[in-house]
Amino acid sequence: MPFTLGQRWISDTESELGLGTVVAIDVRMVTLLFPATGENRLYARNDSPITRVMFNPGDTITHHEGWQLKVEEVSEENGLITYIGTRLDTEETGVSMREVLLDSKLTFSKPQDRLFAGQIDRMDRFALRFRARKYQSEQFRLPWSGLRGIRASLIPHQLHIAYEVGQRHAPRVLLADEVGLGKTIEAGMIIHQQLLSGRAERILIVVPESLQHQWLVEMLRRFNLRFSLFDDSRYSEALLDSTNPFETEQMVICSLDFVRRNKQRLEQLADASWDLLVVDEAHHLAWSEEAPSREYQVIEQLAEHIPGVLLLTATPEQLGQQSHFARLRLLDPDRFHDYEEFINEQQKYRPIADAVTLLLGGERLTDDKLNLLGELINEQDIEPLLKAANSQTEDSEAARQELVTMLMDRHGTSRILFRNTRNGVKGFPHRVLHQIKLPLPTQYQTAIKVSGIMGAKKSLEARAKDMLYPEQIYQEFEGENATWWNFDPRVEWLLNYLIANRNEKVLVICAQAATALQLEQVLREREAIRAAVFHEGLSLIERDRAAAYFASEEDGAQVLLCSEIGSEGRNFQFACQLVMFDLPFNPDLLEQRIGRLDRIGQNREIQIMVPYLENTAQAVLVRWYHEGLDAFEHTCPTGRTIYDSGYQELITYLATPSEQEGLDEFIHTCRQQHEGLKLQLEQGRDRLLEMHSNGGEHGQELAEIIADQDNDVNLVSFALNLFDIVGINQEDRSDNLIVLTPSDHMLVPDFPGLPQDGCTVTFDREQALSREDAQFVSWEHPIIRNGLDLILSGDTGSCAVSLLKNKALPVGTLLAELVYVVEAQAPKHLQLTRFLPPTPVRMLMDKNGTNLAAQVEFESFNRQLNAVNRHTSSKLVNAVQQEVHAMLQQAEALVEEQARLLIEAAKHEADDKLSAELARLEALKAVNPNIRDDEIETLEHNRKMVLENLNQAGWRLDAIRLVVVTHQ
């Protein structure tokens, strides 16, 4: 093409320079000035990597002064172009703009503009973009979004609760599962769903101080959620950046004590516009009508300001009715305002729970029971259902299930309370206790005697705690150089036990970090036993490494030595051997120790080894835990109650273990108390609430669906393709692990979700669960989600040129592969993507205007194509520009009809689903006062907004690939 001064061109290789102007021409060279950057470039007149910029009618162009022109006509004179059209700011028609006046900062965002401007991308990027569109659209439509990406086993009751609650607007619920059933995971899944769906963006978690790091680790390791931990120093730091420090982060964890101590902090927290509040250990918030505790008032104030609230607490039976009422009052103060009224209401629900037990028992119902069911359900036309339920026909079971569902909807607190018990959940292992009685060394006997004399002024509690750990008493007197491990028979026993069980992973827990460190040294030096140490002095990364070393099957540690605090929140269900080198002071800590292995998903019996020294406080405590509470071999929901009531007697026996008088009677009394309380708990079981919380078949179905999706080969191939194109280094390791590290040639210098020092990932859920250092990659993992956003929000792969070698077609045959996107714009919380995600519509146009996409599938077509270099591509495009314009016009008419059908289908689906949801809630409100008015109002408003936004839906061209037939 001949050059003329003033013409506008763009560089094919340096598009960031913007629009260039021809400023000098000689026989062989042409000079372009790029005003946007002030740089000059010299090019050969023939075959140089630059493309002439020419716009067409219908395009919108920008003047260098900033105003825009909608092009209606294009004229050319002496090689220079003038555009004529309507000025958009003044609506003046017939306005001319010479090409020399075009804005030099011009960027081409439309795929066809980029194609004609020579900004042509690689063929593999086009394919990646189409796949990204296709997979993203499929993922948006799945209703269990937020549940699949968790790094946890697929436990039906957890999935059911998370799905039920996570789908609600501003959920306000009480999670009261028994210990070991995974309340933290349930809360994390609810948070994850609320964040992914856009229902929540700002999350506040308030926990006891000792659990802050556990929550921080759990949220990051299991859900890839990066929370910020606010303590005094972080608060002071943030105060420099903002008048309200809590507005500097979207997701915050802080301790209850941190908030309670300072009135200003509480006010700032309440004003920080959170969407969801999560409170752990909520049963410690003391309340009475006359004098609620300061802690309770703090959470009450936050709950008044924050729309969504999750309270994690002990089971209602453990709490007692008044304490249980106090938690419900935090969730819905209007509904639960009077304790007496609450008690009366609860008593009315007893017959409902009994009726469910009856229906589930499968026994024939008496006339009295049938009348009771009729009264409880109080619906018209209930008679045929009752008759079917009581018949011997095959319809009987279905009728009973329907009646149970109707009762469940009417159950007082079932919508805001979820409680699972171990009795109602299958999958827990047996626990077997092995007591190893060992002689008390003379060194310890002497140290204990001296300690008794010197510590006479200590409190009874302090002496009791001292007596549990004789090695510490000995070390206190002998100083730093005391080598208690040389004579302590527990050490010798541990060495022999580990040698005898070389093939078993063994978890050893002791009270103090110092003990764990000393034991590691002994195991290493005396028997070369590989051990990892886990204590509170380690950073999170060091703990992860220690846990991964223990988990590794190849060259991993045989033993993990844990301190009490260091083991909080970590689970090692791949091991089944637990050694308690000493014993904790209260039953909650004992259950926490066993809970490291006794989790759902543990598939072997747990062997609990307790080596203890005779005639010591350890011997007393072993007996009390085992004979008094049965706390080793079964979970002990009564433990805390009995511990509190018998505390004084217990610490007396621990402080003076040589005086055993009355111990047998004390243990016997505790056992009777335990059995009595246990019976009360069992009788008080609310079968209806358990069914509602457990989810039954629904939970099982969710687990199976997600397990099937775990094996998605599309994810693996897409992810590896994405990593290649983005420029992330991949190194295969054994055990289905891949190490990802940033490279120097990435599409973006800092890929979101990929740490600077890289990370280890796996696509295998089981592998991720057994390897603490491996991240579980799913469609919901930040690396994949950010990768999809990176590709789709930019121009990557939006235009390409390929060659098709096919002798059945004439040389030079032109095909245009077009990818349109049908989409609607709306606030994220409306979740429009459930009904109309950005949906790709692929077309393969020939020059006659025929769409061949239905006959030619994308992947098989893509495999037949060959790449073309950018320079040749640009020349090809220039040669066929008119034909491409014609093809685009023909495609526009065809895509309009397809888009209309998609939008209409989305509107029908949205209307049907949201109307049904609304009708169900309104019907329930008539029989169950726990349906909040604001929930119904929000749903009604959202339905209206969703339909309005779907009416505004449109479509656009997202990517274009020109395919030219060749025979070579």
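Note: Cβ is positioned from N, Cα and C throughout, glycine not excepted.
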Among ranges 180-183, 280-283, 500-503, 728-731, whichever one Swiss-Prot labels motif 'DEAH box': 280-283
For the domain 'Helicase ATP-binding' (164-334), the mean pLDDT of the predicted model: 89
Entry from the binding-site residues list Val179, Leu181 having the most other CB atoms no farther than 10 A: Leu181
For the ATP site built from Asp177, Glu178, Val179, Gly180, Leu181, Gly182, Lys183, Thr184, further residues of that chain with CB within 8 A of the site's CB center: Glu186, Asn420
Lowest local Cβ density (other Cβ within 10 Å) among binding-site residues: Gly180, Gly182: Gly180
Winner by Cβ contact number (other Cβ atoms within 10 Å) across the binding-site residues Asp177, Glu178: Asp177
DSSP three-state assignment for Lys183 (ATP binding site): helix
Other CB atoms within 10 A, centred on Thr184 (ATP binding site): 20
For Glu178 (ATP binding site), the three-state class that DSSP assigns: coil
Sequence-distant neighbours of Lys183 (ATP binding site) in its chain (C-beta under 8 A, six or more apart): Leu175, Ala176, Asp177, Asp280, Leu312
